[in-house]
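Have a look at the structure below before the remarks.
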2 protein chains.
Amino acid sequence: MARPYNFSAGPAAMPVEVLEIAAREMLDWHGTGMGVMEMSHRGKAFGEIAAQAEADLRELLAVPSHFKILFMQGGGLAENAIVPMNLSRGGVVDFVVTGGWSQNSLKEAGRYAQTHLAASNADSRHTTLPAPASWQLSPDAQYVHICSNETIHGVEFQALPDLKALGSDAPLVVDFSSHVASRPVDWSRVGLAFGGAQKNLGPAGLTLVVVREDLLGHALPICPSAFNYKTVADNASMYNTPPTYAIYIAGLTFQWLKRQGGVAAMEARNIAKARLLYDFLDQSPFYENRVAPDCRSRMNVPFFLKDESRNEAFLAGAQARGLLQLKGHKSVGGMRASLYNAIPIEGVQALVDYLRDFEKEMA
Amino acid sequence: MARPYNFSAGPAAMPVEVLEIAAREMLDWHGTGMGVMEMSHRGKAFGEIAAQAEADLRELLAVPSHFKILFMQGGGLAENAIVPMNLSRGGVVDFVVTGGWSQNSLKEAGRYAQTHLAASNADSRHTTLPAPASWQLSPDAQYVHICSNETIHGVEFQALPDLKALGSDAPLVVDFSSHVASRPVDWSRVGLAFGGAQKNLGPAGLTLVVVREDLLGHALPICPSAFNYKTVADNASMYNTPPTYAIYIAGLTFQWLKRQGGVAAMEARNIAKARLLYDFLDQSPFYENRVAPDCRSRMNVPFFLKDESRNEAFLAGAQARGLLQLKGHKSVGGMRASLYNAIPIEGVQALVDYLRDFEKEMA
């Protein structure tokens, strides 16, 4: 049987080529006589792996030289605390709440800063995006936080807000966990971006932080050294032992992305993949997606069977067809298909074929 | 050529069988059609992997049922902050400083608690251990911190201190990163033990915490949710996405340890391995180990060539013989051989053979 398509929201499908290389190199990386897991993070071999991963990521995402790339631990959830510990200076921080993740970020930041809700889409149950012109930004905010793609609710910013144009000098903090490397980033609008690796980059346990250099050096005294961005940056992400194997796998993924044509090429594919699925859902009387068309996520597509009594049959049939991990998040229900970079359009076509067949079968 | 022996202090040598299984299962774990890296942490398959890993570890280390086992992120260095955020209640904490790691722990805890130096071996340059009877314990300490094996300085407690017998009711906090699973743990003397996985358990990026249940629930308000032990425990280590692949590899290592006869069998082998190396070093006029015999680490053996001008030739010759990563820590210099569980006695014998040959060659 062909390899199943895995629509998990994360940890998620990896490129097959990456897994094949990792399996082949497991006991001996490039003739060193060591697997990557066995290498000292201070040694020459791992130093090469980490430097290459960082350089490839900088190229792929076109990260300007005045931004530092940090490889950390703790995931997006830990960053909800680590960002305000590093950037808030205990002052006011603005949050734009657009779904489960930004809601969590707001709550956690309250331990370290005075949080201000600048805008919210709670009225629409997180199915729209509040227009930036309507945001109530604080004049003295230390930063403005958004989640540029809400994994649970399937809402995505199609462009990052231009805070300067909105009259704010605050840096923009972006949680881009679940769509990093799926589309280009306009760094001129960003102060800091962070993301867990386990969607589009690599294994869970690696966290990516990209931070403008001028924002370093203002951590609160209670910020743990291991999570002080300046300390991490000054030590090239090796102040504490980094998650070495996860960095290696992410590096293999970066090389795979380059072979695919880079982020612009991935974006074109991701647009085509998302369109294929949304177009099918929209024309069907059997399924529905509840997110407003202009802010639908290309990466995470929550959808519902209008007759939810058929959910279990749907999932069992999908599993039998080799379409895995389609169950929706518990806070939203229904189904969710995550179409990260590692999902080829053939996988989306297989899903659409199944959606059509299941609909007919139930008619 | 035979596989080299890798004496890295961590990340460190892994059992070959573990790497072979991991390579074989990389694209498909047990017929699920997914590699472990690709599994949702909330799914059935990964749930089984995590539960088995925890059960095996509990059996191997004989962890009593009133202790929780937590799989976290951040490494020992992050725990230096996370422990006092969870256990200090902002009060007094006692530290016994016996090397680089406990020194770091003391420094970091000062952000959250009133630290008290109860004992130190700094006078001997970390080559002895202060007798517990001489420790100046605080009457009101929230806990007493020790590092039971100092990776850098090669000093190991051969028994955990009995704080009750010393007149203290404070829980003992043990950093056992670099000798966990190399010998049994007397849990009756422990309140909390933590360790990075990357020495004896698995890949870097996974942190093990074993904590007595009655110590949960007292975190400082500034403790990030992701690092609040109670939150982590209440969610079976899945409050934030855990480092799933690292947990899987650690689980394979636990199964390997069970096949080897468990921790008691490993201890017998580790005693034999350490004796082989220390006995050779002690009889040689060419090398020296500077640690007092009664507190020498079985896991980490720092040693010096008496003529340090030969260090580079020594390391180059070792590399040529397939004896890897023997360079000492920068703060101590010289050499260091780490003899973790994955190093067989044949590896130690190969090292001793090389030590002898190099000494003869230089004579």
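Heads up, the Cβ atoms here are built off N, Cα and C, so glycines get one too.
In TrEMBL, annotation is done automatically, which means it is predicted and not curated.
For reference, TrEMBL has these:
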{"type": "DOMAIN", "residues": "B:5-351", "note": "domain 'Aminotransferase class V'"}
{"type": "BINDING", "residues": "B:Arg42", "note": "L-glutamate binding site"}
{"type": "BINDING", "residues": "B:Trp101, B:Thr151, B:Asp175, B:Gln198, B:Asn240, B:Thr241", "note": "pyridoxal 5'-phosphate binding site"}
{"type": "MOD_RES", "residues": "B:Lys199", "note": "N6-(pyridoxal phosphate)lysine"}
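What TrEMBL annotates, mapped onto the structure for a quick look.
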residue	record	DSSP (3 states)
B:Arg42	L-glutamate binding site	coil
B:Trp101	pyridoxal 5'-phosphate binding site	helix
B:Thr151	pyridoxal 5'-phosphate binding site	coil
B:Asp175	pyridoxal 5'-phosphate binding site	strand
B:Gln198	pyridoxal 5'-phosphate binding site	coil
B:Asn240	pyridoxal 5'-phosphate binding site	coil
Report task. Write out which of the listed binding-site residues, namely B:Asp175, B:Gln198, B:Thr241, lie with a C-beta under 8 A from a C-beta of chain A, sequence order kept, or 'none'. Result -> B:Gln198, B:Thr241
Query raised in the report: For the recorded positions B:Arg42, B:Lys199, which one has the sparsest Cβ surroundings, going by other Cβ atoms within 10 Å?
Result: B:Arg42
Report summary line: Densest Cβ environment (other Cβ within 10 Å) across the binding-site residues B:Thr151, B:Gln198, B:Asn240, B:Thr241 belongs to B:Gln198
Query raised in the report: Under 8 Å Cβ-Cβ from B:Trp101 (pyridoxal 5'-phosphate binding site), six or more apart in the same chain: what's there?
Result: B:Gly76, B:Cys147, B:Glu150, B:Thr151, B:Ile152, B:Asp175, B:Ser177
Query raised in the report: If one measures from the C-alpha of B:Asn240 (pyridoxal 5'-phosphate binding site) to the C-alpha of the residue listed as 'L-glutamate binding site', what distance in angstrom results, rounded to a whole number?
Result: 11
Query raised in the report: At the level of the C-alpha atoms, what whole-angstrom distance separates B:Thr241 (pyridoxal 5'-phosphate binding site) and the residue listed as 'L-glutamate binding site'?
Result: 9
Requested in this report: Looking only at C-alpha atoms, tell me how far B:Gln198 (pyridoxal 5'-phosphate binding site) is from B:Arg42 (L-glutamate binding site), rounded to the nearest Å.
Outcome: 25
**Report entry** Whole-number Å value of the largest CA-CA distance among B:Trp101, B:Thr151, B:Asp175, B:Gln198, B:Asn240, B:Thr241, listed as pyridoxal 5'-phosphate-binding
**Finding:** 29
Query raised in the report: To the nearest whole angstrom, what is the C-alpha distance linking B:Lys199 (N6-(pyridoxal phosphate)lysine) and the residue listed as 'L-glutamate binding site'?
Result: 28
